[in-house]
Every structure is written in structure tokens, then in C-alpha cells.
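Notes for the one structure printed next.
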């Protein structure tokens, strides 16, 4: 099988799996228990907290472990809003966010919060000017993704955070697609909170983390909770967190090399698209917006993305038509709508995403599949033209 859907999830690496197995066998104590088994688990937990904090340039006291990106987003947003004055009940997010953010926004509206969903500019970027038109005195929190999971477009978070802080507004950033893929420093970005996920970086599923600056006030979603310093209820998954940390340390150690590999693979793929005259165009204008090199969101014109994905699957190649969390929905994604794509264009969208095990040979197989599909389609066009020509002659 050729797997080219790393933006959806990744296979667990051997290092993380080894740590998970060892901790499951040797450090099975509840980290909240006062006996030695609990103390050993607590020591591992705090060690992992320190390591994850170091990776993002944060403080260990600001790291809270969760069950993954979706829960990280929800708990971060809700906890920050809970900590704000009652006069700050206006929440802003963008049309291009992960579905978990949209779901959270809908839930906030049910609680009586005022929610504004802003559109990016034509290049998929949120600008200071766009924020300016929507910020109000009661705006308390803004949530903007670091990079889009479908297009790879990276938002200018550092610039936006400075602007928001000057207005006294907190900024949460969903960094699930960028953590471990590009350098992240919370101080440089200027974010107040950051969401991360394990299974996007070759760690186990069911684990994630939130970083909240220690000086930022928040109040828990779950009342009377003691786990994770009151941030999240339930017995802490120490083996999963240990494996997540092992995966994070490994991927960060390989980051520079992997970025170069991804850039080379991306260049090769796009060059071959042009050489073969395939009707494939990028969803993002890379001359106007910086993009993650391992994500190629594109349109295969004359084909529905779902059809291309299924044909690739028949050839034992895994690609995507967008976010896996919205895979059951057959229609234009919110990101495509935000980029002003027509419904026809949006339905032609496919996503190819690279990872640690991706090779040029695998991309060659994908290109071959694309070429076969296009040759078949051109043959159909020729038949249609002949039929129409014969019809005109008979008339």
C-alpha cells in the first residue's frame, strides 16, 4: 500500500511503540496515587510535560495533556473563555478552521456567546485589516489555525498575535498540523494557547496536549477536577503521553531533514504534473501565501475528487478529498468556500500529504494513476466530439 494521507494520521513509529509497551508494563500506576507506583507514573508524566514544553519554547506548567486535537481545541477555548470577565463574551474564529473548532463555536452560541466567523482574503490569509472590521470591545478570544489541513496555508500568527494583544484580546492557535512539522516557539508566535496532537507525528492515537501561558487565567470546564491540574478529568494516560513525547522528540530531531525531503518531493511532483500536462492545479497561491511543504491541496479538473480518491484506492494508493473528520460529508468544504471556489471546483479537490516513509517512487505510481485517468477522460472527450460531429452532419 502507498500511503499519501499523512495529514489525516500517521503510523506509530517504533520508538513510540516501544515506550508505550514499556510504560504500560512497568509504569501502570495512577499518577494521582500516593504510593510508589503512582509516584513513578507521576515522575514520567512531569518529565513528558517538561519535554513537550521545551519543544515549543514554553513553560512546563502550561502543558496539559488531553485525548487529542479535538479535545485540545475544545478545552482550550472553553477554559480561556471561562476565565474571562462576563463582559468579554465575543469569540472570533475563521471559516477555514478544523471541524472541531466549528463545532465548538456552535456550542458556544448555544451557551449565549456571540460568535463571529471571519473569511480570509482571496489568498486564504487572515490579515490585521480583516480582524479590525470584526473586533469589538467585548471580544475576548480569537482562535486561528497555524496552518490549514487541506491547503497547507500557514497563517501569519506572529503578526496577528501582536495586533490582538495590543487590543487586550487572547489568541488560541490550533497547531495540530504544524507541531513537529515546522519549528514552533510559543514566545515568538505570541500565542496564549496552542493545541497539539500525537497521531499526526507518528505517536499513538488518543493523546494530545494544550499549552496555555502560565500567566493567562482560565477556569476548568469540568468542575472539581484534580487531574491535569484541573484542566481535564479522568485518569491520565501515562503510557500514551510517554509515547507521544518519544514521537515528538524524534520528529523534531529529524525536522530539518524532513522539511528538505518534503520540499524535494513536492517539487518533483509538481514538475511532473507540468511535464505530463495533467490538468491539476494548486488550491493555494504559493506566491502569495506560505504553505506547509508536505501538504498538496489541488484540483484534478474534469474529475470529482471522490472519484479520483476511489480510483487511487483501487490502485492501492491512499489520498484524501480533505479533512478526515468531515469525510462523511459530500459537498464543498468550508475551506474551499472560504477560498471563493465554485462548487464544481471544490468537488474536484484532492489532498496529497507526505510523511517519513514517502518516496519519489511512490509519487511516480500516483502520477501514473493520474495519467491513466486523464488518458481515459481524453478518450471520452474524443468520443463525445465524434458523436456530436456525426449528429450535426446528419442534421
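Our numbering is plain: 1 for the first residue shown, then up by one each step along the chain.
For all residues, glycine too, the Cβ spot is worked out from N, Cα and C.
These come from Swiss-Prot:
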ACT_SITE  325  active site, cysteine persulfide intermediate
BINDING   69, 70, 177, 197, 198, 199, 235  pyridoxal 5'-phosphate binding site
BINDING   325  [2Fe-2S] cluster binding site
MOD_RES   200  N6-(pyridoxal phosphate)lysine
Site of maximum Cβ density within 10 Å, from binding-site residues 70, 177, 198: 198
Densest Cβ neighbourhood among 197, 235 (binding-site residues), 10 Å radius: 197
Three-state secondary structure, which DSSP defines for residue 199 (pyridoxal 5'-phosphate binding site): helix
Chain-internal residues near residue 200 (N6-(pyridoxal phosphate)lysine), provided their CB is under 8 angstroms and they sit 6+ positions away: 6, 7, 9, 10, 69, 176, 177, 179, 180
Taking residues 69, 70, 177, 197, 198, 199, 235, which bind pyridoxal 5'-phosphate in the record, the widest Cα spacing (Å, whole number): 27
Close in space, distant in sequence - residue 199 (pyridoxal 5'-phosphate binding site), Cβ under 8 Å, 6 or more apart: 9, 10, 12, 68, 205, 206, 207
Residue 69 (pyridoxal 5'-phosphate binding site) CB neighbourhood, other CB atoms within 10 A: 27
